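Colleague: Take this structure first; my questions come after.
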Amino acid sequence: MKWAVVVFPGSNCDEDAAQAVRETTGDVVDLVWHDATDLSEYDAIILPGGFSYGDYLRSGAIARFSPAVEAVRREAGAGKLVLGICNGFQVLTESHLLPGALLRNNHLQFRCEMVELVVDNNTSPFTRAYQLGERIQIPIAHGEGRFHADPETVEDLRKRGRIAFRYAHSPNGSVADIAGILGEGGNVLGLMPHPERAIVDWMGSVDGRRLFQSMHQYVEEGLADARANA
Amino acid sequence: MKTFDVEVRVWLKPSVFDPQGHAVEQALHTLGFDGAQNVRIGKYMHLTVTGETEAEARKSVEQMCERVLSNPVMETYAYELKETVV
Amino acid sequence: MKTFDVEVRVWLKPSVFDPQGHAVEQALHTLGFDGAQNVRIGKYMHLTVTGETEAEARKSVEQMCERVLSNPVMETYAYELKETVV
Amino acid sequence: MREPTPEQIRDERVYRSLGLTDAEYELVVEKLGRLPNYVEAGIFGVLWSEHCSYKSSKVHLRRFPTSGPQVLQGPGENAGVVDIGDGMAVAFKMESHNHPSAVEPYQGAATGVGGILRDIFTMGARPVAFLDSLRFGPLDDGRTRYLFSEVVAGIGGYGNCVGIPTVGGEVQFSPTYRGNPLVNAMCVGILPADGIVRGTATGVGNPVFVVGARTGRDGIHGATFASAEDPEEKERSAVQVGDPFLGKLLMEACLELIASGAVVGIQDMGAAGLTSSSAEMASRAGGGLEMILDRVPVREEGMTPYEMMLSESQERMLVVLERGREHVAFAIFQRYGLEVADIGRVTDDGRLRLIWHGEVVADMPVAALVDEAPVYERPIALPSEPERVDIPASLPAREAWLAVLSHPSVADKRFVYRQYDTMVRAQTVMGPGSDAALVKVPGMDKAIAMATDGNSRYVALNPRRGGQIAVAEAVRNLATAGAKPLAITNCLNFGNPEKPEIMRQLSDAIDGMAEACKALDTPVVSGNVSLYNESRGVDIQPTPVVGAIGVIDGIAKRLQSAPTRERAAAGLDLWLLGREDDSLEGTLYGELVCGRPVGDAPYIDLAEERRLHDLLQAIAGTRAAAAAHDVTEGGVAAAVAEMMIQCGAGGEIDIPAGMSQLGWLFSEAQGRAVVAVLPEGAEDLARLAAAFAVPLRKLGRLVASEKVAVRQAGDMVVEIPLAALRDAYEHAIPMALRAGTAGASA
Ligand SMILES: Nc1ncnc2c1ncn2[C@@H]1O[C@H](COP(=O)(O)OP(=O)(O)O)[C@@H](O)[C@H]1O
Ligand SMILES: [Mg+2]
């Protein structure tokens, strides 16, 4: 399979994400500049962390208008996997590919530390390698990660199993301790924590590996099925 | 073509917690400004726009506000527009 | 004791570079809002204060603005104050 | 506004407001052979300022050792560069932003980080880490809490956004910094050993470019302001605002441009923007530059040549390209949406010539501006004898232990560093919370080790020994992590050099630092001097801050500053490496009891120090060693407590018979470390310690217990729950901040 990592002006976890994919899956990864208009050759697309356009105005507010985000919208509609990490999650909510918004942390500070997450869904293409209810260690690094949505939306997310990860102890005041949510079709995941920073021993946790491996496995199975049917 | 001065205010909907407003309120109380209450903090933007008519300019400002300058998921906006006196 | 509604606007002094305004202006141009110019982004705050008289309330708002709500080293402020109609 | 004429500048002494003394003005006239006009006088004013010319410190800085086989680039360039083996090198430098941070703490700190970042990528290095060294007054005061919170937010605001992890640093609190906080930032970058780019304007006819942001009226007079007296009194609209987003784009664009091979020389525009960058680039090449100011992209209309030359708008660089390859720059910078303008040419006439509206508005010899700037041998007071005092034992061991751990200088700095992205780039092997930070060289089993240190109490008590200790402490942190120290950078934060006693501090501290650098084989490859750190006529304690760099080959060899929870719970022995000492002179204990620094600076012997560092590196390779932590402020008591708190294990400590209990617990004698070792590793440890001739004594052990006991000859000295130590250590800074508001600018 082939991955794209979209690079916006101000992205800064693009290389980290690409490196994590290579390390955990051995797949090919391209870094794609935000003016790309066609991403159809990729099986999975990552919107990486960072400060696209300086996070001025609102995080993700300006990046959302990039041609690449239009292309992502198309591929998401076609069922491709889209993973938004941190700033990528913010871009996804700003562009309404995911519901809600990410607001300033309730304590007003940027916060970078290892946090404990609870896996709330282990049937999605992103989470199938985890156990339901499993506690995993993944670092966060954000100033605007407080997930907000109106109560009906949150209830709907909960009912449909679209909350992928919750914080064991919320570091930012997110409603329902939400750390990551799935899009309606289950093929888009936005999450504030950084799985690409939990890949090898010396990082302090390797719990992020299985997220990329889940995606790899899901896509490879689909590709194998497609070949078998052809 | 006319030029207009525009002031846009954007603030969080009442249902959304505003930690910054809360922190500033606390700070004001600590400094003895006990009467300060209900502090909410938003954004104030100033810009100039051009348009053939005021109506056209208003339309473009509204589009900017809805598409870029505010996020309706959690924010509300208001603006004032005046023709620039040269 | 009366209560007043206060709206405060704080913005960067003209000589101070406003990176946020600059980035937003660029973005507006990319989106086709070519007429948008001189974008400056500041803060908009709403609060209520109390005071025996309007003059007293104004004085306290001015103190708040100077000590907490703005940094006079680089920012300027303006405010409007109206007695709250109950 | 009309600019004053050359005659008015002379007759009305306008030059004084431009930072020139009467004698300096005379010298300008002599060098120029005529009266300078306003632009020229302004340019001389900033270039001959303390900040740009180092006129008070230069004669002393020459005493630093600056060479060695590992040094690829010593002082004089934008940053120093050392070889880390296998074809790779590290560029690093530290810089102060004290005065701007005192006026506008968020922006002052942020632009400090942005400035040092540009110094690093200018060398052709990919920046990989920041460290920050901060000094504030006590947190009992609202203004200080505001400064502290905003400085930390500003450092994070810039560093997090540009995507470079802040992996270490320090914060100390002392009344001496109440009116004059210190903000020193260090940046570290990686480059191929043969890929150094320099700030030289060579090749007659080569085009000169301004790239990055547009030039506005920001911070005009910033450089002279940076060395002027009291930050409170200064003109207050000169605040510069950083744009980390633009900074990130500029970094990527410049690295791409450098990789294209078209760059002849490149230099960031720091203090005194276009003036210092152009003059310094020309000076290094021994040539000249001609610049057409009409072509400089400006942000505001009606800017004068004077304003353009002195503007300190951030996020700009001056680049000399190979003639004929201009299109490379245009293509790259346009893609990033950055300004790029061809503003002039390299010449060979040794002059800096500025043209505006078709007229020459300034024409000065480069040598006079840079190389021949005045150098002062300022008067130096006689050395003073350290005072002899008896430090009363009025604070009992248990209370003292809690007081030391909850002193904000010693206490947990998590409040600070969790606001920094410490992991972006995904190469941080050890971040804040360890003695040294380790950042991996991508694709190699090799990491760069780095640490900053500088305890002004020691320097105030004994400048020379304090200078030695500043270097020794920073370097020791590297060795404690198992790394091989290579070189240092520094920031010399001192008071008013026009006072002979301050010059004595500066001169002696430099001597001490130089001695330590020689003994530890860590030459000085870059640095920065910040003088006039005073408030209302009172100078700060002398504060040399040292940033040390080392390398570790094989990250598995690294030593953590505390063992893992599991290893500690299984039981480990604690050993003290280095001298047994029970003197309280110069200690935090002494300061707590007497309310001020007292006695002489603590003991240090540079030869012993060196042997300890060598031993620590040897220990790091052995399997029995579980952790090492050096002994610094707060003594053995603080070092052991920090280790216990981190690993969550209590334990027992024995004070040797015959030693003063308080002295032994709280002595800050240098050249020491605590190591946690598997019981079966004792013999190997003893053999190694003997081989390196480092004294070794069993301190006690870590056990899976919530209790901590200190005994002497079997008698209980202190018995305390681990939780009490932890609370003191972890809550001190958050509690001090909660005590009042941090949101007030007043
Ligand atoms: N301003 C800061 N920025 C980043 N890290 C910091 C800062 N202050 C302290 N730290 C980290 O906290 C830990 C303890 O600091 P310190 O007590 O100064 O260490 P040491 O005594 O080993 O020099 C170190 O890992 C240091 O890097
Ligand atoms: Mg240490």
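Along the chain as shown, the residues are counted starting at 1.
Cβ from N, Cα, C; glycine included.
Note that the coordinates shown come from a computational prediction; the quantities given were computed from them, not determined experimentally.
Features from TrEMBL:
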| type | residues | note |
| --- | --- | --- |
| ACT_SITE | D:His51 | active site |
| BINDING | D:Tyr54, D:Lys93, D:Asn490, D:Gly527 | ATP binding site |
| BINDING | D:Glu95, D:Asn528 | Mg(2+) 1 binding site |
| BINDING | D:Ser96, D:His97, D:Asn98, D:His99, D:Arg118, D:Gln240, D:Glu312, D:Ser313, D:Gln314, D:Ser530 | substrate binding site |
| BINDING | D:Asp119, D:Asp268 | Mg(2+) 2 binding site |
| DOMAIN | D:9-55 | domain 'Phosphoribosylformylglycinamidine synthase linker' |
| DOMAIN | D:76-190 | domain 'PurM-like N-terminal' |
| DOMAIN | D:204-356 | domain 'PurM-like C-terminal' |
| DOMAIN | D:433-552 | domain 'PurM-like N-terminal' |
| DOMAIN | D:604-710 | domain 'PurM-like C-terminal' |
Colleague: I'm a bit unsure how to read this: which one of D:9-55, D:433-552, D:604-710 has the highest number of Cβ pairs shorter than 8 Å with the domain 'PurM-like N-terminal' (D:76-190)?
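Modeller: Most Cβ pairs under 8 Å with the domain 'PurM-like N-terminal' (D:76-190) come from D:433-552.
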Colleague: These are the binding-site residues: D:Asp268, D:Glu312. Which one scores highest on other Cβ atoms within 10 Å?
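Modeller: The largest 10 Å Cβ neighbour count belongs to D:Glu312.
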Colleague: Just jot down the residues in the same chain as D:Arg118 (substrate binding site), at least 6 apart in sequence, with C-beta under 8 A of its C-beta; none if empty.
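Modeller: Counting only residues 6 or more apart in sequence, the Cβ neighbours of D:Arg118 (substrate binding site) under 8 Å are D:Asn78, D:Gly247, D:Leu250, D:Met251, D:Asp268, D:Met269, D:Gly270, D:Glu315, D:Met317.
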Colleague: In whole Å, how far does the CA atom of D:Glu312 (substrate binding site) lie from that of D:His51 (active site)?
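Modeller: Computed Cα spacing between D:Glu312 (substrate binding site) and D:His51 (active site) is 14 Å.
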Colleague: Can you tell which of D:Glu95, D:Asp119 has the most other C-beta atoms within 10 Å, given these are the binding-site residues?
Modeller: D:Asp119
Colleague: Is D:Gly527 (ATP binding site) helix, strand or coil when read with DSSP?
Modeller: strand
Colleague: Please give the greatest C-alpha separation between any two of the ATP-binding residues D:Tyr54, D:Lys93, D:Asn490, D:Gly527, in angstrom, as a whole number.
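Modeller: Those residues reach a largest Cα separation of 16 Å.
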Colleague: How many of the residues that make up the domain 'PurM-like N-terminal' (D:76-190) does DSSP mark as helix, as strand and as coil?
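Modeller: Going by DSSP assignments, the domain 'PurM-like N-terminal' (D:76-190) contains 47 helix, 44 strand, 24 coil.
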Colleague: Measure from the Cα of D:Asp119 (Mg(2+) 2 binding site) to the Cα of every one of the recorded positions D:His51, D:Lys93, D:Gln314, then give the nearest.
Modeller: D:Lys93
Colleague: If we check Cα distances from D:Tyr54 (ATP binding site), which of the binding-site residues D:Glu95, D:Ser96, D:Asn98, D:Gln314, D:Asn528 wins as closest?
Modeller: D:Asn528
Colleague: With DSSP assignments reduced to helix, strand and coil, which class does D:Asp268 (Mg(2+) 2 binding site) get?
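Modeller: The residue in question, D:Asp268 (Mg(2+) 2 binding site), is strand (DSSP, three-state).
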Colleague: Tell me, how many other CB atoms lie within 10 A of the CB of D:Asn490 (ATP binding site), whichever protein chain they belong to?
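Modeller: Its Cβ has 32 other Cβ atoms within 10 Å.
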Colleague: List the helix, strand and coil residue totals of the domain 'PurM-like C-terminal' (D:604-710) as derived from DSSP.
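Modeller: Residue counts for the domain 'PurM-like C-terminal' (D:604-710) by secondary structure: 47 helix, 29 strand, 31 coil.
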Colleague: For D:Lys93 (ATP binding site), what is the tally of other C-beta atoms lying within 10 angstroms of its C-beta?
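Modeller: Its Cβ has 28 other Cβ atoms within 10 Å.
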Colleague: Please list residues from the chain of D:Gln314 (substrate binding site) whose Cβ is under 8 angstroms from its Cβ, counting only those at least six apart in sequence.
Modeller: D:Thr111, D:Gly114, D:Gly115, D:Ala213, D:Asp218, D:Gln240, D:Val241, D:Gly242, D:Asp243, D:Leu246, D:Gly247
Colleague: Out of D:His51, D:Ser96, D:Asn98, which of these recorded positions is nearest D:Gly527 (ATP binding site) by C-alpha distance?
Modeller: D:Ser96
